[in-house]
Each structure stands twice: as C-alpha cells, then as structure tokens.
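Novice: Here's the feature list from TrEMBL:
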type	residues	note
DOMAIN	73-450	domain 'Cation/H+ exchanger transmembrane'
DOMAIN	507-644	domain 'Cation/H(+) antiporter central'
DOMAIN	654-820	domain 'Cation/H(+) antiporter C-terminal'
TRANSMEM	58-79	transmembrane segment
TRANSMEM	91-111	transmembrane segment
TRANSMEM	123-140	transmembrane segment
TRANSMEM	152-174	transmembrane segment
TRANSMEM	186-208	transmembrane segment
TRANSMEM	220-243	transmembrane segment
TRANSMEM	249-271	transmembrane segment
TRANSMEM	292-320	transmembrane segment
TRANSMEM	340-359	transmembrane segment
TRANSMEM	371-395	transmembrane segment
TRANSMEM	401-420	transmembrane segment
TRANSMEM	432-453	transmembrane segment
Amino acid sequence: MASTVAPLNADVDLPTNVTAQTHNATASKVTNMVVCYSPMMITTNGIWQGVNPLEFSLPLFILQVAVIVITTRFIVLLLRPFRQPRVIAEILAGVVLGPSLMGQMDVWGNMVFPQRSLLTLETVAHLGLLYFLFLVGLEMDLDVIRRSGRKALFVALAGMALPFCIGTATSFIFRHQVSRNVHQTSFLLFLGVALSVTAFPVLARILAEIKLLNTDLGRIAMSAAIVNDMCAWILLAMAIAITEVDSTALSSLWVLLSGVVFVLICFYVVRPAMWWLIHRIPEGESISDMEVSLILAGVMLAGVCTEAIGIHSVFGAFIYGLVIPSVPLGVTLIEKLEDFVTGLLLPLFFAISGLRTNITKARDPVTVGLLVLVFVMASFAKVMGTIIIAALYTMPFREGIALGFLMNTRGLVEMIVLNIGRDKQVLDDESFAVMVMVSVGMTALVTPIVTGLHKPARRLVVYKRRNLQRIRHDSELRMLACVHTTRNVPSVLSLLELSNPSKRSPIFIYALHLVELTGRASNMLAAAAASASTNNNRSGSSALPATTEHIFNAFENYEMHTGGVSIQTLAAVSPYQTMHDDVSVLAEDKHVSLIVVPFHKQQTVDGGMEPINPSIRAFNESLLSASPCSVAILVDRGLSAAAARMADEHRLVLFFFGGPDDREALAYAWRMVENPSVSLAIVRFLPPDYRERSFSSPTYRSADTADSRAINIGTEGKTELEMDEEYLGEFRARNQGNGAIMYADKTVTNSEETVAAIRSMDSSTHEMYIVGRRPGEAGSPMTSALEDWMECPELGPIGDMLVSSDFSMGVSVLVVQQYVVAGAPVAAAAPAASVDPVRQYLSNANLHPVAGPGGYQTIPPSSAANSWSSGTVGF
C-alpha cells in the first residue's frame with residue numbers, strides 16, 4: 001500500500017490542529033503544500049531501534065482502523081437499548097474522533113490522525129464506500145418497483161418533490177444568511193437533494209427492528225424508499241454535473257449524456273451477461289471464486305468509468321450492483337462481502353466524515369437556526385406529502401404520520417451527498433456540520449416516534465381449539481410447522497405423513513421458515529422477498545433466497561402429491577430473543593391447535609447429538625412459556641431418513657404417566673393411529689398404590705420453574721387422575737377391537753425402575769416415542785430423580801432421558817405440551833351414544849382389521865410387572 005508522508009526537510013509549517021489539518025487536506029486546490037512520497041516510511045523496524053511506529057504509514061493506518069472500529073462498536077452497544085440503527089453510532093463515532101471532541105487535543109490530532117495519514121485513510125474509506133454502494137444496489141430488487149403499485153410510487157414522489165421544493169424555497173428566502181460563502185445556486189441544488197433523500201438500507205433495518213417489515217406499512221415504506229433512493233441518485237448525478245464551478249453548459253450536458261449511456265450499457269449489456277453466467281452454473285452448485293473475483297473487479301471498473309465521466313465513482317458501483325440479479329448471484333455476493341465491508345471498511349468513511357465535522361465552527365446562531373428551520377420545514381413537508389397520499393388511499397391517519405417519519409430516515413446517502421457537496425466547495429464547514437448533526441437527530445427520532453404512533457393492539461383472538469384434546473381426532477387440524485434450515489424439512493414432512501391427513505380429517509399446515517435477524521443485508525433481502533412472495537401467492541418469478549426457496553418448494557411438492565393437506569408457506573425474520581412472539585401471534589391469528597418446532601440438536605453421523613444454535617434452545621423455551629396453543633418439540637433421530645419414510649409399517653410408542661401433557665400426547669397419537677400404516681403401543685406407568693389412590697386428589701405438576709403457564713387442576717369437580725381415567729377409557733372404547741393398538745400397564749416405585757422398564761424395551765422395531773413434557777404428579781417418585789439430572793428441561797424428564805446417549809440412537813422423540821387455561825373446562829370427547837350414526841358407521845368402516853378375537857383385554861399390573869414387554873394385547 002502506498003503511503004504519503006511529509007518531507008523531512010520541507011519548508012512548510014504543518015498545522016498542528018487536526019481541524020486545520022482536515023480543512024487543508026480537503027481544500028487542496030487552494031493550498032500550496034507539497035507532500036512527498038518516501039518508500040522507506042511504510043513499515044518500521046520496531047521500537048527497539050529507537051523509532052516511533054506512528055511515524056510510519058502502515059502501523060499508523062492499522063491503529064486508526066482499530067480505533068475507529070472499536071469506538072463504533074462501543075457506541076453501538078450504548079445505543080442498543082434505544083433501538084437505534086447502527087448508522088447513527090457510526091456517524092457519532094466519527095464526530096467523537098474528529099475535531100469536535102477528541103480533535104481538540106493537539107496530541108491526539110498529531111499522533112493518531114496527522115495530516116500525512118489522511119490521504120491513505122480516505123482512499124481506503126472510499127474503496128469501502130464503493131463496495132457498500134455496490135451491496136446497496138444488490139439489495140434493491142427492480143421487481144419491487146413494478147410490484148409496488150401506484151400507492152408506493154406516489155408516496156415516493158410526494159416524499160421527494162415537496163421537501164425539495166419547500167427546502168430550496170426556504171433556503172432561497174434566507175440565502176444571504178445560510179449560503180454566504182458558497183455558490184448559491186449550487187448550494188440550493190445540493191441542499192434540496194440532501195433534504196429529499198430517504199436512506200433505504202437504514203429504513204430496512206429500522207423496520208425489521210420494530211417488527212414492521214412484513215406489515216402493509218413496512219411494505220409501502222420499503223417500496224417507496226427504493227423508488228426514492230433511485231431518484232436521489234439520478235438527482236445527485238445531475239447536481240454533480242451542473243454544479244461544477246468551472247464547467248460550461250456544454251460540458252455539463254456531455255456529463256449527463258455519458259451517464260445515461262453508462263446506465264443503458266449496464267442494463268442492456270451487463271445484466272444479460274450476468275443472467276448468462278447464472279444459467280451456466282450447474283444446478284446445485286454455487287458460483288466459482290474466479291467468477292466472484294471478476295464481478296468484484298467490475299465494481300472498480302464501473303467506479304472508474306463514472307469517475308472519468310465526471311460523476312462520483314459510487315454512482316457507477318450502485319448502478320452496477322443494481323443490474324445484478326438478486327437471486328442467486330446477489331445473495332451469494334452479499335454473504336461474501338457484507339461483514340468485511342460494513343464491519344471494517346464502511347466505518348472509515350464515517351470517521352472521515354466525522355473528521356470533517358467541526359461543531360465548533362457553528363458559531364453564528366442565526367445561520368444555525370435558519371439551517372435547522374430549513375431542515376424542519378423540509379421534513380414537515382415530507383410528512384405532510386405522505387399524509388396526503390395516505391388520505392387519498394384511505395389509510396389511517398396515524399399510519400400516514402408514521403409512514404411520513406419513516407420516509408424521513410437519513411443515513412449513508414445523505415452523508416455522501418453532503419461530503420460531495422463539501423468536496424466541491426458547495427457547502428462550507430458550518431453548514432456541513434449543522435446538516436450532519438440535524439440528520440443524526442432526525443434519524444434518531446424515527447424509531448421512538450413510529451413505535452409510539454403505530455401500536456397495533458394485539459387483539460384478543462377467541463377460539464376454543466387451542467389443544468388437540470379439545471377437538472375430535474377425525475376433524476380438521478391446524479398446525480404451525482417451524483423450520484430453521486432445510487435439514488428440518490424431511491422430519492416435519494414425515495411427522496405430517498404420520499398424522500393421517502385425509503379428506504375426512506384434513507390438516508392445514510402453516511410452514512414457517514424462521515430466519516435470524518442479524519442486521520445483515522441478506523436478512524433484509526430474505527424478509528422483503530418472502531413478504532412479497534407471500535402477498536403475491538408466489539406467482540411469477542421468485543426472488544426468494546435459495547434456502548427459503550428450497551424449503552417452500554419442498555412443502556409445496558408435498559402438498560401436490562398428498563391428499564387432505566393444505567399448506568401455506570411463510571417466512572419470519574426476527575431476532576431469536578423475540579422470535580417466539582412472532583410465532584405466537586401468527587399461531588393465534590391462524591387459530592392453530594399445535595405448533596411443531598425442531599429440537600436445537602441434530603444427529604451426527606455416529607448417532608450422537610450436537611447443538612445447532614444455542615439461540616434455538618432459548619427460542620423453544622420461550623415458546624413453551626408464551627404459546628397460545630399446544631406445542632410439540634420434534635427430535636429427529638432417523639424419522640427423516642428415506643428408509644423410514646418409505647416403510648410399510650410405522651411403529652410408535654406412547655409413554656403415559658398422566659397429566660395434561662400426557663393426555664395431549666395421547667390425543668395426537670389417537671390421530672396418528674387412524675393411519676393404516678401406523679401401529680401404536682401405549683405403556684402406562686402406575687405407582688404401587690394406584691388402586692388405593694384412585695379417588696384421591698393428587699396435585700399434578702402445573703407451572704415448572706421454566707414455565708409460566710397456569711395448568712387447571714380440576715374441572716367440574718374432577719381431579720387430574722379422574723380425567724386421565726376418563727380420557728383413557730374413552731380412547732379404549734372408541735378403539736375396541738383395533739389390532740394396531742397395544743396397551744400395557746407397568747407398576748414402578750421409583751425413577752430407577754422407570755428407566756429400567758423403558759430400557760428393557762426392544763427399540764429396534766420402534767420409529768418414534770411420544771411423551772408428555774411434564775408427566776404425572778409433581779414430585780412423583782416415578783420421575784423425580786430424572787428431573788434432577790435433566791440436561792434439556794424443555795423436553796421434560798422422560799423426553800430428556802430418551803434423547804440421551806444411553807438410549808437408542810435410532811428412535812425419534814416427540815415431546816408434547818398441552819395448552820390449558822386455568823379454570824377452563826377441558827372438553828372430553830363426546831360419548832359414543834351421542835355420535836352421529838352415519839359418522840360412527842364411517843368411522844367403524846375405516847377401522848383396522850382385527851388381528852385377534854374381538855373384545856377389549858388388558859394386562860393386570862401384577863402380570864405386567866414380569867412380562868409386559870412381550871405380552872401386550874390388541875384391543
């Protein structure tokens with residue numbers, strides 16, 4: 001890396017103050033300073049040679065980058081509780097490091113940010129800016145503009161035209177006070193562009209943070225911001241061409257025409273070439289490193305072309321990124337570049353902007369007040385324009401105000417406009433500093449104002465089918481299936497297949513792809529594309545990310561080839577800390593009875609279990625506490641294998657200890673056993689004094705330490721034990737003579753006997769265990785010792801034991817938790833006598849053939865104690 005250092009014997013007095021240094025560095029046209037290059041001043045031989053490392057360009061540059069990144073991250077942490085976008089922290093970090101605060105100390109300015117280092121720092125910062133604008137172009141989907149409709153288009157136009165007109169008009173009225181030292185026409189033009197722009201990348205992150213990205217308000221704001229951003233770049237290119245002080249009208253015209261030719265070449269030459277490249281990639285493979293390198297080299301070539309034309313290089317990078325298809329090429333490039341560019345290079349640009357921002361230069365209260373007034377008037381005009389458009393489209397008034405403030409989001413684009421204006425001497429130090437600080441203040445107000453204005457009250461959704469026990473086993477079932485990765489899909493589809501979907505008992509599935517919100521552009525792209533596809537029923541070309549597209553296709557293919565199933569694919573982008581809220585709201589809105597989520601561990605090649613993401617475990621625990629319906633955690637240990645899915649018979653085992661969760665597990669197993677290929681073995685564990693305590697009132701476990709749900713102890717005067725007996729009796733009566741169902745009682749006195757009994761089973765023929773999360777009574781000797789050694793409390797004592805390495809590694813586990821409202825009666829299945837005769841006839845006709853003699857038989861507890869594993873009897 002080349003370095004610029006001051007000549008050792010130059011007859012020039014270097015400014016010692018960093019403010020003066022910065023001013024001289026950015027106003028080179030009016031200085032006569034001579035800076036020489038010394039190849040010996042790049043790297044140092046070390047402090048032990050008696051030299052100062054900060055006198056050499058490379059160590060100094062490394063120190064500057066470290067200071068800028070650390071300061072930025074520290075301010076990000078400070079602003080995180082206030083839910084502020086990262087761009088505010090980056091701008092404030094530059095202001096803190098600049099002459100406004102730290103630059104007031106001469107030692108800081110001379111040692112950390114001396115003038116001889118600014119050229120290197122600014123060059124690398126603009127390189128980072130070049131690639132970031134390339135990423136911004138990749139984020140924008142041109143199809144969004146076509147899909148946005150007139151509403152978003154009018155919002156964007158009103159949000160640009162009114163602020164531009166009112167801002168420039170107000171500035172013109174006070175032109176003698178606010179533009180005394182610069183070219184007035186150029187000042188008005190640049191100020192109008194800066195006032196009318198909306199920062200699309202910042203807006204996307206704000207909408208995701210306050211959970212408005214997938215709402216109608218968020219979609220309108222995103223579409224309007226994309227249109228606004230593109231118009232802003234066109235205006236900026238025109239402003240740069242027109243405001244050249246030394247240019248003629250003819251040269252400005254040539255700049256504009258050359259810019260139009262560049263845009264046409266990008267759209268009609270570069271874009272088809274990118275599609276040709278995509279079609280050359282074999283299916284299932286990703287783009288090669290050589291092709292990625294060529295595309296990234298094209299970013300710099302595009303920047304050189306627009307710089308040679310007379311427009312800023314970032315314009316070329318933005319247009320180049322805009323013409324590259326978002327999927328799959330755009331997503332791949334974003335994932336490769338984003339962390340390095342946004343985390344390391346982009347903060348350098350804001351640091352340079354901060355070094356140029358000197359708040360102490362804003363000394364004239366009249367000028368400062370009038371500039372703030374111009375900004376406020378333009379912001380007010382943008383809000384009023386948006387409200388007018390919202391009123392024309394009958395949007396609520398509060399949503400119109402919220403949309404207006406969202407369109408006032410400032411960020412990187414405005415900083416670029418202000419920096420270009422300052423480089424071209426259109427803005428002086430005072431106006432530049434005031435505009436930067438007012439922009440930061442306006443953007444900081446967006447989140448709290450929009451959050452206060454747009455508070456969609458979570459309506460109380462009243463529906464009774466919140467658990468499986470409340471609905472008939474042969475009625476329709478609404479399920480919400482959550483998946484994190486493509487690996488979760490086969491196991492969920494296998495579970496759906498076992499759930500016996502049919503025309504008589506259809507299953508409505510809401511397949512939800514959960515994507516963690518990290519603030520990365522790829523997340524925003526996934527959310528915007530998924531939202532658009534959901535609202536357009538995925539018609540036409542899809543812009544979904546590859547992972548989401550594969551998940552959606554898998555569920556839709558299953559729906560096409562399976563009867564009795566209706567699937568709606570959805571995607572949710574949210575931080576894992578609040579993701580359970582999104583799932584709960586969706587489940588309540590869709591009247592879901594059961595939510596199925598995958599376990600946070602996945603099976604390895606050797607049969608063990610390894611964690612995927614610790615945040616998934618926290619999400620599962622939070623969902624168990626806040627869910628508005630029943631929840632099932634699926635532990636896949638072979639259920640997704642092709643051999644298991646194609647098997648002619650599926651053997652399931654239900655361990656029944658009693659309590660609401662075990663009854664819910666039995667209700668789900670009841671639905672499964674209607675599948676002709678499913679056989680069910682029910683093993684009921686009983687204490688030795690079961691007969692003596694049959695009519696006592698045991699206190700069944702309610703809310704665990706990790707669960708805040710209230711569990712109903714008794715309804716209509718019934719104890720939990722009586723409800724267990726009633727539901728089991730109803731299950732037996734309904735399935736009398738069904739040879740696919742086995743039943744056994746097992747008497748155990750403590751946890752050791754429980755473990756031994758389960759271990760003695762022949763697990764080689766079983767495909768899945770079904771258990772309740774909180775089995776039996778609270779503190780029951782049958783499970784109390786297991787609770788003390790639980791590694792995964794979200795699975796409960798029995799589920800945690802079954803997924804441990806001590807048990808079979810080839811049997812999947814389904815852990816079920818029932819949703820029970822305190823004081824609400826649990827409706828048992830209707831008695832057989834009250835069933836409709838036609839439905840009862842159809843139900844009997846569909847029963848499995850009886851393997852043995854009819855009649856119901858069971859094994860007494862005494863005999864089951866010795867031969868229960870091999871002596872189960874069909875009923």
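Just so you know, glycine gets a Cβ as well, placed from its N, Cα and C.
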Novice: As a test: from 58-79, 123-140, 292-320, 340-359, 371-395, pick the stretch that has the greatest number of Cβ pairs under 8 Å with the transmembrane segment (220-243).
Specialist: 292-320
Novice: For the transmembrane segment (123-140), could you work out the same-chain residues 6 or more beyond its ends whose Cβ comes under 8 Å from its Cβ atoms?
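Specialist: Beyond its ends, the transmembrane segment (123-140) has Cβ neighbours at 61, 200-201, 204, 226, 229-230, 296, 299-300, 303, 313-314, 317-324, 326, 330, 333-334, 337-338, 341-342, 344-346, 348-349, 351-352, 412, 416, 521, 524-525.
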Novice: With CB pairs under 8 Å as the measure, which of the listed stretches 186-208, 249-271, 371-395, 401-420, 432-453 comes out on top against the transmembrane segment (91-111)?
Specialist: 432-453
Novice: Can you work out whether the transmembrane segment (371-395) touches the transmembrane segment (292-320), with the criterion being 3+ CB pairs under 8 Å where the paired residues are 6 or more apart along the chain?
Specialist: no
Novice: For the transmembrane segment (186-208), which stretch among 152-174, 340-359, 401-420 has the most Cβ pairs under 8 A?
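Specialist: Ranking 152-174, 340-359, 401-420 by Cβ pairs under 8 Å to the transmembrane segment (186-208) puts 401-420 first.
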Novice: Any idea what the model's mean pLDDT is for the domain 'Cation/H(+) antiporter central' (507-644)?
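Specialist: That stretch averages a pLDDT of 81.
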Novice: So which of 249-271, 340-359, 432-453 has the most C-beta pairs under 8 Å when paired with the transmembrane segment (401-420)?
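Specialist: Result: 432-453.
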Novice: Before we move on, state whether the transmembrane segment (340-359) and the transmembrane segment (58-79) share at least 3 Cβ pairs under 8 Å, counting only pairs 6 or more apart in sequence.
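Specialist: Contact criterion met.
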Novice: Please give the sequence-distant neighbours of the transmembrane segment (292-320): residues at least 6 beyond its ends with Cβ less than 8 Å from one of its Cβ atoms.
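Specialist: Distant contacts of the transmembrane segment (292-320): 126, 129-131, 133-134, 136-137, 233, 236-237, 240-241, 244, 251, 255, 258-259, 262-263, 266, 270, 329, 332-333, 336-337, 416, 420.
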Novice: Same chain, outside the transmembrane segment (58-79) by at least 6, Cβ under 8 Å from its Cβ: which residues?
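Specialist: 1, 3, 42-44, 86, 88-90, 92-94, 96-97, 112-114, 117, 120-121, 124, 343-344, 347-348, 350-351.
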